[in-house]
Amino acid sequence: MSTIIKTTDLTKMYGSQKSVDHLNINVKQGDIYGFLGRNGAGKTTTIRMLLGLIKPTSGQIEIFGENFFKNKKEILRRIGSIVEVPGFYANLTARENLLINAKIIGIHKKNAIDEVLEIVGLQHETKKLVGKFSLGMKQRLGIARALLHYPELLILDEPTNGLDPIGIKEMRRLIHSLAKERNITIFISSHILSEIEQLVDHVGIIHEGKLLEEIPFDHLKKRNRKYLEFQLSDQNKAVVLMEQHFDIHDYEVHQDGIIRVYSHLGQQGKLNKLFVENGIDVLKITMSEDSLEDYFVKLIGGGTIG
């Protein structure tokens, strides 16, 4: 499987501030690559460099196996993209907007606009003014515009940002269809980890401009650990009892009386009995598994995600 995007020590500085710091990413052909990070982690800056919108301070970019800086014009003809919120003429229809874009980029195929509108599910909205579109419809129209020239690579910057649950589900279905049915390689940035979790083949996690990890998602799922979660009236007492009676040391203490126990998974009944007999109220017991979001928070050292 060939490599579609490869960066080597890609760095972008603004004054003394490193927005992207020696970034090395590898995106394989046909994959959906999830580029994950908190807001301000360097995701959009990276995408702008990949699209030639800003120049890196140092480092190399190869796309389709070619040096991006030496073959920028030819490479960009093979890429579709959405960076941040796509802009359109609000007083024109979807078809009229796409017609303008088609003329600008030299697309003359007669049915190109009809085809991309059907791909994104807007074929029945051709007469409605874009100003009356929902945010989800505008995002899909943005993808339609990005598909006009039949790209091999699609780069999407936070395409689910601001969408309601239905819009997110529709966007996820569309992205999956483009990758798996039309063999388009997709590079998608996001901080909405639960959406990426259901979509991607590979994950790259960026924090403060640095790539912390790049891993196939299947491997990441195997790494995520199961645990017993207790919600208790007295965490401190419960921890002492677990250590003394069961020699349990692989656990985490969370807010709201939550303790996650990563060992002794088959002994929840005995643990429950231990707590109750020692005057601890057991409010909840569940068997759960770390999500990608849990792993992400641990990897970046805690804190909020957004």
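Here the Cβ of each residue, glycine as well, is placed from N, Cα and C on the backbone.
Swiss-Prot annotations:
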- 5-233: domain 'ABC transporter' (DOMAIN)
- Gly37, Arg38, Asn39, Gly40, Ala41, Gly42, Lys43, Thr44: ATP binding site (BINDING)
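The binding-site residues Arg38, Lys43 differ in how many other CB atoms lie within 10 Å of their CB, and the one with the most is Lys43. The secondary structure of Gly42 (ATP binding site), as reduced to three states from DSSP, is coil rather than helix or strand. Of all the binding-site residues listed here (Gly37, Gly40, Gly42), the one with the fewest other CB atoms within 10 A of its own CB is Gly40. Sequence-distant neighbours of Thr44 (ATP binding site) (same chain, 6+ residues apart, CB-CB distance under 8 A): Val83, Glu84, Asp157, Glu158, Ser189.
The 10 Å shell around the Cβ of Asn39 (ATP binding site) contains 12 further Cβ atoms across the protein chains shown.
Listed in sequence order, His191, Ile206, His207, Glu208, Gly209 are the same-chain residues six or more apart from Ala41 (ATP binding site) with CB atoms under 8 A from its CB.
Along the domain 'ABC transporter' (5-233), the predicted structure has mean pLDDT 92.
Sitting within 8 Å of the Cβ centre of Gly37, Arg38, Asn39, Gly40, Ala41, Gly42, Lys43, Thr44, and not among those site residues for ATP, are the Cβ atoms of Ser189, His191, Ile206. For the recorded site, Gly37 (ATP binding site), the DSSP three-state label reads coil.
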